[in-house]
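The structure appears below as structure tokens.
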Amino acid sequence: MIDLSPLVRRLAGTPLACWSQGLQAQLQAKLEKGHGDLERWRGALDALPALLPSEIDLVDGLRLDCDCDDGTRAQMRQALMGLSPWRKGPFDLFGVHVDTEWRSDWKWSRVAPHLDLQGKRVLDVGCGNGYYQWRMLGAGADMVIGVDPNWLFFCQFQAVQRYLPDLPAWHLPFALEELPANLEGFDTVFSMGVFYHRRSPIEHLLALKDCLVKGGELVLETLVVEGDEQQVLVPEDRYAQMRNVWYLPSVPALERWLRRAGFSDVRCVDVSVTSVEEQRSTEWMRYQSLGDFLDPNDHSKTIEGLPAPRRATLLARK
């Protein structure tokens, strides 16, 4: 049983107080529906050793440590491996280095210098396993709620949270569509790596805006293409072997969409081509990764002949 009463207490007196009252029942209904692998993943969580971190670093990475013996480390490693594949990270947990598919710390180092999260109430949409939530706390956020309907990511978050139970981070296994309309309760809303999976991009921007307080900030990170404000790529079928990629706008086009959705102070703070060093297969994620999805003779193109992944981060104000 995951007790959300600390979250309810945290949200008392905020615009999110009313919403928080129904979260425990909403979570319980989701858990009862469950997932075929949930029991196995819960078994991995139960196998984690009971440890109290004496060192916690959420600023320069995500590292927890304490004095523990090799047997305990082996137990930790085996339990964490039971929650594979690990996509976002890396995590250093009591001497076990979880070398995830993505070097999410690289993305964070590109995005974080442009943000002021001090004292902010934050929503991370499509939060994955919560890696960025912990980094947001490290950057001074007052509290962070992540939503992502993927059950494995939910369990991976629980694995870290059991060693940081008093920190104000919560992962709810919900889709953005399961949040009420017009929440208007978050100072900062993140949508990183979600936008291109949405069939209706403007609707997504409007839904994100609805979650923000007036004057709140959106952090939008997504795949883009080069070009002017009329340039948008809609893949015929797959993009880098992904079926569920719909719209890859140019940065000027995306800036226009944000303004059209009612945002102001729109600006692009980073554009980076994703390298095979930043996204790759590892011991902790053994499936195919970016290197398998690019043209083997020309890494500037995907295997389908489309422009290789290029990601931009934009900030905008409600």
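Note that Cβ sites are derived from N, Cα and C of the backbone, with glycine treated the same way.
The 10 Å shell around the Cβ of LYS107 (carboxy-S-adenosyl-L-methionine binding site) contains 23 further Cβ atoms across the protein chains shown. Secondary structure from DSSP puts LYS107 (carboxy-S-adenosyl-L-methionine binding site) in a helix. For LYS88, TRP102, LYS107, GLY126, LEU176, GLU177, MET192, TYR196, ARG311, the entry in Swiss-Prot reads carboxy-S-adenosyl-L-methionine binding site, with the evidence type sequence analysis.
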(message) For a quick check of understanding: given the listed carboxy-S-adenosyl-L-methionine-binding residues LYS88, TRP102, LYS107, GLY126, LEU176, GLU177, MET192, TYR196, ARG311, what is the maximum Cα-Cα distance in angstrom, as an integer?
(response) 26
(request) State the three-class DSSP label for LYS88 (carboxy-S-adenosyl-L-methionine binding site), counting H, G and I as helix, E and B as strand, and everything else as coil. (result) coil
(request) Give the helix, strand or coil assignment DSSP yields for LEU176 (carboxy-S-adenosyl-L-methionine binding site). (result) helix
